Ligand code: GLU
């Protein structure tokens, strides 16, 4: 029997905020309620935005909350390193394996080029890539490469990728029309999130992924890569985003909801109790430990619509 293995994979680009804590809590509860284990992976590929100090702080915040991990920095490290910035060799190997299965080609389009193409916009606000560089000859590629290095894109087929989200039900996306050829490595050499996350989830034996609904549209791309690589697709659970009373998504800019402020106003069990009430796990914000919440956890209780965070919690 395989052991359930979940993961929490934050990007250390600032102090954790309420939305990150909700995600960490539900990832923890989902796998712990099944008797499984949790991996902590630090997704710090974007070295311009991520800092070691933020990573240190988020681990401190998770410990303060009691949301412990069995594998990851400072714990058992069977699949070390757990910082994506140190896993480049693994991504290089994954890229080589993908090259054998699909067409991967350099793309020299600038941001301005992509927008100038007057292409349809996708659900996440990005532009549908028009395959501008797909047909370049080797000599054209070499010529363009002299001016600026290319990003690497993978060609996608005209195919619907469907999966059953454990929380939302059936989800389908046509890769050609709703996604387009996507980037595996940026022009500055940094591996893209879609590539790294697939390599890491497979390498670390992750069986379930709990994350925000903002990443729902990424999942078909990740499943496409998993199929090419011949690795298992984990179960996915996409959780609702947190919004203010006007329905606007709460962001890291909301300082009153970052852990520095929250830790001043709440004890760990009080904060977890608030989150448990917000997501539908309990009627009222009774203070609870993670273990107490795991005992009553059930995906059927968790809401599917955006979660409105009352002003009381925002301390306004
Ligand atoms: N690192 C991503 C984030 O912090 C999460 C990626 C994932 O869970 O797949 O938004």
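We number each residue from 1, going along the chain as drawn.
Cβ atoms here come from the backbone N, Cα and C positions, even for glycine.
TrEMBL entries are annotated by machine, without manual review.
On the 0 to 100 pLDDT scale, the domain 'Glutamyl/glutaminyl-tRNA synthetase class Ib catalytic' (7-282) averages 95 in the predicted structure. Residues annotated as domain 'Glutamyl/glutaminyl-tRNA synthetase class Ib catalytic' in TrEMBL: 7-282.
Among the features that TrEMBL reports, L-glutamate binding site is placed at 7, 8, 9, 10, 11, 43, 193, 211. Neighbour density for residue 10 (L-glutamate binding site): within 10 A of its CB lie 22 other CB atoms from the protein chains shown.
Look at TrEMBL and you will find 10-20 tagged as motif ''HIGH' region'. Beyond the ends of the motif ''HIGH' region' (10-20), by six or more residues, the same chain brings 42-44, 46, 49-52, 54-55, 57-58, 61-62, 212, 241-242, 250-252, 254, 257-260, 262, 275, 309, 313 to within a C-beta distance below 8 angstroms of the stretch.
Residues or ranges marked as Zn(2+) binding site in TrEMBL: 107, 109, 129, 133. Proximity of residue 107 (Zn(2+) binding site) to non-local residues of its own chain (separation of 6 or more, Cβ distance below 8 Å) is seen for 129, 132, 133, 150, 151, 152, 153, 181, 183, given in sequence order.
Under 8 Å from some Cβ of the motif ''KMSKS' region' (249-253) lie the Cβ atoms of residues 13-15, 17-19, 241-243, 306, 309, all in the same chain and six or more residues away from its ends. For 249-253, the entry in TrEMBL reads motif ''KMSKS' region'.
Close to residue 252 (ATP binding site) in the fold, though at least 6 residues off in sequence, lie 13, 14, 15, 17, 258, each with a CB less than 8 Å from its CB. Sequence annotations record features per position, and here TrEMBL assigns ATP binding site to 252.
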Cβ-based neighbourhood (8 Å from the centroid) of the L-glutamate site, residues 7, 8, 9, 10, 11, 43, 193, 211 excluded: 41, 42, 197
All-chain count of other Cβ atoms within 10 Å of residue 109 (Zn(2+) binding site): 20
Entry from the binding-site residues list 8, 129, 193 having the most other CB atoms no farther than 10 A: 8
Which listed residue (9, 133) has most other Cβ within 10 Å, given these are binding-site residues: 9
